[in-house]
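What follows is a single structure, written as structure tokens, with notes after it.
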Amino acid sequence: MTYLDHAATTPMLPEAVAAMSEALSTVGNASSLHSSGRRARRVVEEAREAVAEALGARPSEVIFTAGGTESDNLAVKGIYWARRNADPARRRVLASAVEHHAVLDAVQWLADHAGAEVTWLEVDAHGRVRPETLREAIDANPDDVALATVMWANNEVGTVNPVPELAGVCAEHGIPLHSDAVQAVGAVDVGFAASGANALTLTGHKIGGPYGVGALLLDRDTPCVPLLHGGGQEREVRSGTLDVPAIHAFATAVRTSVRERPATAEAVAKLRDELIVAVQQEVPDAVLNGEAPGSDGRLPGIAHFTFPGCAGDSLLMLLDAKGIECSTGSACTAGVAEPSHVLLAMGADAASARGSLRFSLGHTSTRDDVDALARELGGVVERARQAGLAGMRKNGRQQQEEV
Amino acid sequence: MRVLAAMSGGVDSAVAAARAVEAGHDVVGVHLALSAKPGTLRTGSRGCCTVEDSRDARRAADILGIPFYVWDFAERFTEEVVETFVGEYAAGRTPNPCVTCNEKIKFEALLDKAMALGFDAVCTGHYARLSVVDGVPELRRSADEDKDQSYVLASLTPEQLRHAMFPLGGSRKPDVRAEAAERELAVAGKPDSHDICFIPDGDTRSFLESRLGERPGDLVDAETGAVLGRHSGVHGFTVGQRKGLGIDAPAADGRPRYVLALEPVSGAVKVGPAERLAVQRIEADRPIWPAGPLAGPTECLVQVRAHGGTAPAVAEAVDGGVSVQLREPLRGVAPGQVVVLYRPDAEAGDLVLGSAKISSTA
């Protein structure tokens, strides 16, 4: 099987599996006061220190959560509520149009239910938010901005945003910046303090850790209203019994993936470049989306293409039948492949947004994966092209005849 | 064969797919998303293409061990089925959206895509018997008379039928449910879907009103020409309808009145006594002949509705259509409905000779 969907989830690192298995067989609630409790708490605190160290943050800035979606919701809603409570004029949320749904929908929820006003930040043709776009949005009225949220790297096309520059623009007006770095950690250099961002989301299963665990790095001076109330385990910002085995494995994955990053990223980027060459050889009119390969502005593991005249769901099914697994981007809850909001924001038309595929590589990828794709892709695209965009809107001819 | 099984999330399509797998075919399951904004959960037994149905279909595919995908046909469905449905009512006709869906979605949009992607056939859970004899498809009534769906499939062209597969045609519904249970398919006890899937509350009149607005017109006595009242649009009526006419005064002879005809241009709804509903002749156009047009006048059985409405008749292929002389009168025959011609066959199931869309009656 050829797994080219590491951006969806990547296999767990052996170190993380070992850490989790070991911790699963010990008892102890990290909030208990006895020996077992203290032992569990020690595991959690060591994990906190490991995460902080790997990402250039202070241990007290690490809030463990149940993953990327929770971290994004906590940052976006929590910081919005806190900032607006301190000054009711702060109602505006600045968000890039290419965010993951965990940010996008949280922002939209604030607009629909909590009186927020949203300024969607436009992106350039590669999917990047330019600092001048952010500056312009802030300058419209710096006093009414609650927060800005811009992802570190895009999960569909792999474009990396200039987070330090964006944070610099925000800092001029004391506006907190949240960045969803789920795809960036372990792939590019991510330093929390150095970036100047006030909040940063990361999650376990994208970096070789387990599912269902992640963290929000939250600057100590950035107030945040909790989403979950209860025992107040995590700095009173997040409640819930700490998942010791998951946190232990997550921290192991963060440490390992960040430590190994220079070598992994280089190897993965090389494979990705080979994959791009192979795709363009097999399908000369395939359009690579995002930055040119070799640029710093691109994640090492993602290659995203539009295949003119093809429907993404046809391509996916045909490749799946050949044992090659990739992604069309996001799917709705029913499982329908949707036109990518990222490509639409980058200026693509609806047909291109439906006719795209993401191939993503990771720590277990090999040259064989690229070769397998190269072998099958030409035939698959040809077939998908025959099927065309069947199922999409026909011109009105038939309808007029009917009525 | 490479078979694409259309899986609605119901028990029939799940068992049909299971039988295709068992017959040794290489089967892929596909659920069609037909609603632009699917409801999350079913309400009662009504509606289809909800997220829950998609999940039921997925779970059935899991049990069968076949790949499963959801394909978005919402735009095509809206355009070809929903808009056509609304347009037909606005024109005073009575369409059957399931016929249109089979014709335009399952066996056109889906079949075209499936064929282009390398499949040989589309398999569904319809109750009709289908075989191909010397390259000519033979479509017959289901072994389960109550569930027979040959009527809604009769508009398929021979080419469409050659690439269709109805594994349930020879079975009875209770046996299909029992088989689903035996195969441990969780949908074994799922209620049958009823009504029109895109009108989940079953209130066709409100649906049409929300789409077409009010188009007031007169209720006219077909015999005297007297105006009996006003109505809010011809789309609220079907030929043969008795209830809900909104006429206060009874007819002079005290007998109930029925809708006899709809005239969309003038907006008139003509009403009259039951005997004037009786139809002796049917003219229909856009015929489909699975084995070629009828050779001369042919004794047959005609059916004008999905359930019931059958009568013996003599049918003849005429230029671009079909002319049907009924041996016994039929009531409630409306333009826009499909007339299907069968050659009675008690043993193998009545054979579909042809079908066409009713253009006028007399």
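A Cβ is built for glycine as well, from the same backbone N, Cα and C atoms used for every other residue.
No curator has checked TrEMBL annotations; they are predicted automatically.
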Which of these, B:Gly92, B:Gly118, B:Gly125, does TrEMBL say binds ATP at the same site as B:Ala6, B:Met7, B:Ser8, B:Gly9, B:Gly10, B:Val11, B:Asp12, B:Ser13, B:Leu32? B:Gly125
What DSSP reports for the domain 'tRNA-specific 2-thiouridylase MnmA-like central' (B:206-272) is 10 helix, 21 strand, 36 coil
Show me the subset of B:Gly10, B:Asp12, B:Leu32, B:Cys197 whose Cα is within 10 Å of B:Cys101 (active site, nucleophile); these are the recorded positions I mean. none
What does the structure give for the C-alpha distance between B:Ala6 (ATP binding site) and B:Cys197 (active site, cysteine persulfide intermediate)? Integer Å is fine. 16
Of all C-alpha pairs drawn from the ATP-binding set B:Ala6, B:Met7, B:Ser8, B:Gly9, B:Gly10, B:Val11, B:Asp12, B:Ser13, B:Leu32, B:Gly125, the farthest apart lie at a distance in Å of 15
Do you know offhand how many angstrom separate B:Cys197 (active site, cysteine persulfide intermediate) and B:Ser8 (ATP binding site) by C-alpha? 11
Mapped onto three states, the DSSP assignment of B:Cys101 (active site, nucleophile) reads helix
According to DSSP, collapsed to three classes, what secondary structure does B:Gly10 (ATP binding site) have? coil
